[in-house]
Amino acid sequence: MKLVDYLLEGSVKHFTLIDPDKSVDYLKIVRYALDAGTDGILVGGSLGIRETQMTQVVKDIKSVAHVPVVLFPGSPSQLTEEADGVLFLSVLNSLDPYFIIGAQVQGAVLIAKHFPRLEVISTAYVIVGDGGAAGFVSMSKPIPYARWDLAVAYALAAYYIGFGAVYLEAGSGAPQPVPPEMVRAVRKVFPRVLIVGGGIRSGEAARQLARERPNVIVTGTLAEEQPEKLAEVVRAIKSSL
């Protein structure tokens, strides 16, 4: 099954984000996530990981994981064909063209020449609220939590341009997640893959988001700091259906 079909199929899925630059013992976190019932692993997010390191990290994870392992690259240097796919990110609300199209031009050439078997999902990355490190590094102008209408406008633009996915990102360690009302509004206008992440620290927060029917809910900081709570989050997502 193609990765995009897996993401679209069935109920809301939970993915665990592994940042190998932050997580020395990333396999321990992966095992916690697998035991909790996670549906997939995202790998990336850092600026300090090279291709050779990423290749080894993905190999290590795939040696223990029975779920898809997908790249979430912080730069074009974080590509490897060992993964099952890549979220080919364009930060739509960045103020720097590099993060909208510059890095993507570099990454596209690398994929075409060196990683042609890697499944690519074009992803409109939209920074919301606090934005966290992702918003700072990408020089974004985050969408305020209360302005769901702006999120809808970006989602519509992503749809008409032809993106295969929209990722609403509140940022690593954000004080609160993307509001459920914003997810609901975007879901109504974007029928493709919808991903939500950032600031999700409890089962109840995950349950409220899952009720709005995104395709994927991502937790990263929680996995790093309190991996024992992953089971609570996954149960909440599954029980919301």
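Each residue, glycine too, has its Cβ placed from N, Cα and C.
Asp19 (Mg(2+) binding site): 24 other CB atoms within 10 A of its CB, across all protein chains. The Mg(2+) binding site feature in Swiss-Prot is assigned to Asp19, Ser46; the stated evidence is sequence analysis.
Long-range neighbours of Gly173 (sn-glycerol 1-phosphate binding site) (same chain, six or more residues apart, CB within less than 8 Å of its CB): Gly132, Ala133, Gly199, Thr221. Swiss-Prot lists Tyr167, Leu168, Glu169, Ala170, Gly171, Ser172, Gly173, Gly198, Gly199, Gly220, Thr221 with the feature sn-glycerol 1-phosphate binding site.
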To the nearest Å, how far is the Cα of Asp19 (Mg(2+) binding site) from the Cα of Tyr167 (sn-glycerol 1-phosphate binding site)? 17
The largest Cα to Cα distance in Å among the residues Tyr167, Leu168, Glu169, Ala170, Gly171, Ser172, Gly173, Gly198, Gly199, Gly220, Thr221, listed in the record as binding sn-glycerol 1-phosphate, is 17
Note down the number of other Cβ atoms within 10 Å of the Cβ of Gly171 (sn-glycerol 1-phosphate binding site), including every protein chain shown. 25
Taking the Cβ of Gly199 (sn-glycerol 1-phosphate binding site) as the centre, how many other Cβ atoms fall within a 10 Å radius? 23
Report the same-chain neighbours of Glu169 (sn-glycerol 1-phosphate binding site): residues 6+ apart in sequence with Cβ closer than 8 Å to its Cβ, ordered by sequence. Tyr125, Val126, Ile127, Val128, Gly131, Gly132, Ala134, Gly135, Val178, Gly197, Gly198
Which residues of the same chain, at least 6 positions away in sequence, have a Cβ lying under 8 Å from the Cβ of Tyr167 (sn-glycerol 1-phosphate binding site)? Leu87, Leu89, Thr123, Ala124, Tyr125, Val126, Ile195, Val196, Gly197
